[in-house]
Amino acid sequence: MATKSVGWSSPSEKMKLKSLLLRYYPPGIMLEYEKSGQLKTKSIDLLDLDPSTDVSALVEEIQKAEPLITASRSDQVKLLIQRLQNKLGQHSNHKFYLFKVLRAHILPLTNVALNKSGSCFITGSYDRTCKLWDTASGEELHTLEGHRNVVYAIAFNNPYGDKIATGSFDKTCKLWSVETGKCYHTFRGHTAEIVCLSFNPQSTLVATGSMDTTAKLWDIQSGEEVFTLTGHSAEIISLSFNTSGNRIITGSFDHTVTVWEADTGRKVYTLIGHCAEISSAVFNWDCSLILTGSMDKTCKLWDAVNGKCVATLTGHDDEILDSCFDYTGKLIATASADGTARIFSAATRECVTKLEGHEGEISKISFNPQGNRLLTGSSDKTARIWDAQTGQCLQVLEGHTDEIFSCAFNYKGDIIITGSKDNTCRIWR
């Protein structure tokens, strides 16, 4: 079984292991270690771990590959891996019930987002505000006021969850404190609406994508612009970092996707091949593949090392509105305006199963962290939960009175939030 250690450094410098931590989704072990007096972390990814894996053989393999895991640590590592195996064996068969309906804003909602634990969430709106909510009580914690136009793109700096970024049609992005609701910085520089944004995994940068055809990187500490990413010839509507945070991917209405170096702002390559607007662009967990979805009714898979297209995923009869990998990168899900979703194997690139039942276009799709369930949101006013293996619809989340444009799981996969054009968001648990 392949293990991949991220962030390895030369053994000549003295490194001392301080602690080992479990990461459930995707399965892995986090190492905290000291090097030259500084505390650092790296991860050993165990993406292929399953309940039948030979743990002793795996620990031996890890010890060969990772100098920090010495023989004296092998029993501890074995126990951690067994705990991960147990967790993988408990497939969540959670049935969701409506917990709260929140009439969040007077004017329409634009987006909703959860923090990692699901303890709070945010809503953006045409009323020029973003609101922060307590999930358990449904109480409003803060109203983030200051934008002069629609608040469109919103995000927490997960996994930390102590900051919020809001991107607005007023051409600015603001950074806020979750605790106090105060604005730390206003990032000014775009010349048109900001429509997408993302924190890097280290929570040191915010990236914004705009209708002005550029993306910008901003320093969270100083509030200064770090780079402008120029090269697209139409608006940037999708933007995300890879897992390690050293690459950014932008998808544009110019039919292309570009990958950039986060440290330098340099263009690494442009993915050319789609013949209509891009709707989504993401890396898989180990950063080996890129998935792009387009209005041309296809998704494409690209080799993230050389930027070559390795597969075109076909079968939908209308535009692809959303696409994603599961946490381990083994499965791909696509959602289309044709009212169906599909699941593909990342290895074989074949369609494994079709999700049929919605009566309108599907604009959002995501896996739960365990990878055994899929959540879809549709213009038919429902969200649905599906079995990722069989494609069977397990639950229909009904009650919204207008189309659902946003839906998400929390990290544990036991809370769902849906946002609708009916101006409400619903918490299901």
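Numbers here mean position along the shown chain, with the first residue as 1.
Quick reminder: no glycine exception, Cβ is built from N, Cα and C everywhere.
In TrEMBL this protein carries:
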- 102-143: repeat 'WD' (REPEAT)
- 144-186: repeat 'WD' (REPEAT)
- 187-228: repeat 'WD' (REPEAT)
- 229-270: repeat 'WD' (REPEAT)
- 271-312: repeat 'WD' (REPEAT)
- 313-354: repeat 'WD' (REPEAT)
- 355-396: repeat 'WD' (REPEAT)
- 397-429: repeat 'WD' (REPEAT)
List the helix, strand and coil residue totals of the repeat 'WD' (229-270) as derived from DSSP.
0 helix, 22 strand, 20 coil
Under 8 Å, at least three CB pairs between the repeat 'WD' (102-143) and the repeat 'WD' (355-396) (pairs 6 or more apart)?
no
Over the span of the repeat 'WD' (355-396), count residues by DSSP class, listing helix, strand and coil in order.
0 helix, 22 strand, 20 coil
Across the repeat 'WD' (187-228), the model's average pLDDT, rounded to a whole number, is 98
In the repeat 'WD' (102-143), how many residues does DSSP put in helix, strand and coil?
0 helix, 23 strand, 19 coil
What same-chain residues lie close to the repeat 'WD' (144-186): Cβ under 8 Å, and 6 or more beyond its ends?
110-117, 120, 122-126, 128-132, 192-199, 203, 206, 208, 210, 212, 218, 220, 223, 411
Just give the helix, strand and coil counts over the repeat 'WD' (313-354), going by DSSP.
0 helix, 22 strand, 20 coil
